[in-house]
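Structure first, commentary second.
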Amino acid sequence: MTPVTAPLAFAPEVRAALDAGKPVVALESTIITHGMPFPSNVETARRVEAEIRAHGAVPATIAVFGGQIHIGLTGEELDALARAKDVMKVSRADLAVCLAKGAWGATTVAATMICADLAGIKVFATGGIGGVHRGAETSFDISADLAELGITPVTVVAAGAKAILDLPKTLEVLETDGVPVIAYGQDEFPAFWSRSSGLKAPLRMDSAAEIARAQTMRRALGLSGGQLVANPVPVEAEIPHEVIDPVIEQALAEAAAQHIHAKEVTPFLLARIFELTEGRSLETNIALVLNNARLAAAIAAELAA
Ligand code: PSU
């Protein structure tokens with residue numbers, strides 16, 4: 001028989017925190033399976049969880065297996081996911097199919113937002129969101145993450161969007177979808193590995209308390225959708241534009257030459273940029289995810305207060 005409620009399996013620690021109204025931060029799993037190489041992926045996932053705990057919140061890494069949406073993973077489950085091959089990259093379109101098949105699925109930003117909302121978690125930390133790909137005017141390649149931000153009431157803390165994307169078009173789509181794009185502590189929209197993108201962010205906030213208030217206010221106003229908090233990478237971990245831009249151009253040219261399409265594009269580019277920067281892009285990625293985890297924990301604490 002078809003279940004009438006979402007098949008959520010909570011880690012006991014997460015369930016207890018939610019029941020007690022304590023701060024909880026959701027984490028995605030595509031970053032583990034498709035965003036970073038093993039074993040950096042599982043090491044980073046553990047460090048991110050520890051960082052959230054150190055800042056007074058409970059981490060809930062979200063993934064799909066055994067026909068259930070797991071809200072919080074054990075150390076063994078995290079390790080198995082990080083090593084697994086052929087894990088589905090699960091976005092809004094794939095979630096129900098992955099559950100129905102009982103397959104392993106790693107949730108993207110879009111799917112993690114859906115699952116976090118079902119679980120009653122309001123804040124989610126990640127590295128970067130998907131966006132409008134360059135050439136989208138002919139390829140139509142626009143990440144489902146953008147539409148999700150316009151529908152599902154979760155605050156997503158990311159380091160902006162990568163310059164592998166078309167950033168002006170990404171901001172345009174977010175505006176159309178009614179998504180507040182809030183740069184944290186600066187005027188400029190950050191570009192993942194770099195603090196600057198050359199684009200002014202539509203909105204700016206300087207404290208976790210303000211961000212939490214804005215989220216609560218959206219609810220009070222009956223506005224659907226979440227917020228995108230664009231938190232710049234720490235200065236000491238940044239890769240400046242002059243260094244990363246030619247690398248991005250090369251990776252994009254290779255993706256085009258090899259006819260890489262759809263869901264394969266982001267993982268391909270990330271892996272190539274990792275190789276071309278001899279691992280420096282990964283170090284930056286780790287630093288910015290930890291930074292986002294700290295801010296998300298602070299926002300979750302404000303929402304719980
Ligand atoms: N950006 C990153 N690392 C990632 C991703 C994006 O820096 O791992 C993942 C996220 O899970 C994001 C997804 O939701 O890629 C977007 O994929 P697509 O463009 O196919 O929607």
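In case you wondered, yes, glycine gets a Cβ from its N, Cα and C as well.
Quick look at what TrEMBL lists:
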ACT_SITE  E28  active site, proton donor
ACT_SITE  K162  active site, nucleophile
BINDING   K89, V109, S143, A144, D145  substrate binding site
BINDING   D141  Mn(2+) binding site
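It is V109 that, of the binding-site residues V109, A144, has its Cβ surrounded by the most other Cβ atoms within 10 Å. Fewest Cβ neighbours within 10 Å among the recorded positions E28, D141, D145: that distinction goes to D141. With respect to their backbone Cα atoms, V109 (substrate binding site) and K162 (active site, nucleophile) stand 14 Å from each other. What surrounds the substrate site, by Cβ distance within 8 Å of the Cβ centroid and not counting K89, V109, S143, A144, D145, is the set T30, S91, R92, T108, A110, A111, I129, G130, E148 from the same chain.
Rounded to the nearest whole angstrom, the C-alpha distance between K162 (active site, nucleophile) and D141 (Mn(2+) binding site) is 15. Taking the Cβ of S143 (substrate binding site) as centre and 10 Å as the limit, one finds 24 other Cβ atoms among all the protein chains shown. Other C-beta atoms found within 10 angstroms of the C-beta of K162 (active site, nucleophile) number 27, with every protein chain shown included.
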